[in-house]
Amino acid sequence: MSEAKNLFINGLWKNNSALVQLLGLCPLLAVSSTATNALGLGLATTLVLVLTNSAVSALRRWVPGEIRIPIYVMIIASVVSAVQMLINAYAFGLYQSLGIFIPLIVTNCIVIGRAEAYAAHHPVGMAALDGLATGLGATAALFVLGALREILGNGTLFDGADLLLGHWARALRIELFHTDTPFLLAILPPGAFLGLGFMLAFKYVIEQKRRQRQAQRSAVGQALRGAAPTDNHEQA
């Protein structure tokens, strides 16, 4: 398996930053009230991860080990500031909706964690791929949680998509069922904790079934290999 493929498998599933490492829970739980907000913050975090990993990797030979963490934080803060200004300029509605959670990307453990654990020890191309894979994994978790909360809470999907994609995206709004009274448990923070818990349990069940299938295939293979010499001896 190539290293690039392994990076994407780990980032999206095996070592997902949100569902396995449980990093960045503050924005994950606070912003995921709608699919649009979750997708917007996830894409912003992905862009920050790619740019930060690339910068850290490119500068790794000139960064003294004793002060590497403050330098990484300065790089992350610079990238986040640039991304924040881009969102403010081109998606002002989303900028207002996400509020303080855009600059809080600076303190996100996912970003500093990948810079320290991977980008500082690998070339620029692989570091950028690692940032992309990690960011897409976090975005997927954010989006699924946001979509579930929006559907259960308001009966809609992609409500406010125009904040992220422009006026044409209003056509993307789907009303799955009409409700005059939103389901507040899903919309408020307790719903975020419950939704994340169900997602963790679902991933655990899938992993357990996969391990059981692998164990069964391994047992069958060993049984067949053990039976082969016996069959050859009987034929002789």
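Each Cβ is built from the backbone N, Cα and C atoms, and glycine gets one as well.
Long-range contacts of the transmembrane segment (18-38) within the same chain, counting only residues at least 6 positions beyond its ends with a Cβ under 8 Å from a Cβ of the stretch, are 45, 94, 97-98, 101, 104-105, 108-110, 113, 137-139, 141-143, 145-147, 149-150, 153-154, 157-161, 163-164, 187, 189, 192-193, 195-196, 199-200, 203. Taken from Swiss-Prot, the feature transmembrane segment applies to 18-38 (among others), supported by sequence analysis.
Taken from Swiss-Prot, the feature transmembrane segment covers 39-59 (among others), and the record attributes it to sequence analysis.
Under the heading transmembrane segment, Swiss-Prot lists 69-89 (among others). Remote same-chain residues near the transmembrane segment (69-89) are listed as 40, 44, 47-48, 51-52, 55-56, 59, 63, 95, 98, 102-103, 105-106, 111-112, 115-116, 120 (criterion: CB distance under 8 Å, separation of at least six residues from the stretch ends).
Same-chain residues lying 6 or more positions outside the transmembrane segment (92-112) and placing a CB less than 8 Å from one of its CB atoms are 17, 21, 23-24, 26-27, 30-31, 36-37, 40-41, 44-45, 48-49, 52, 69, 72-73, 76-77, 80-81, 83-84, 134, 138, 160, 162-164. Taken from Swiss-Prot, the feature transmembrane segment covers 92-112 (among others).
Note on the transmembrane segment (128-148): residues 4, 7-8, 10-13, 16-19, 24, 27-28, 31-39, 41-43, 45-54, 57, 110, 114, 118-119, 122, 157, 186, 192, 195-196, 199 of its chain, located 6 or more positions outside it, place their CB under 8 angstroms from a CB of the stretch. Annotated transmembrane segment per Swiss-Prot: 128-148 (among others), in sequence order, evidence recorded as sequence analysis.
If you look up Swiss-Prot, you'll see 182-202 (among others) marked as transmembrane segment.
According to Swiss-Prot, the feature region 'Disordered' maps to 217-236.
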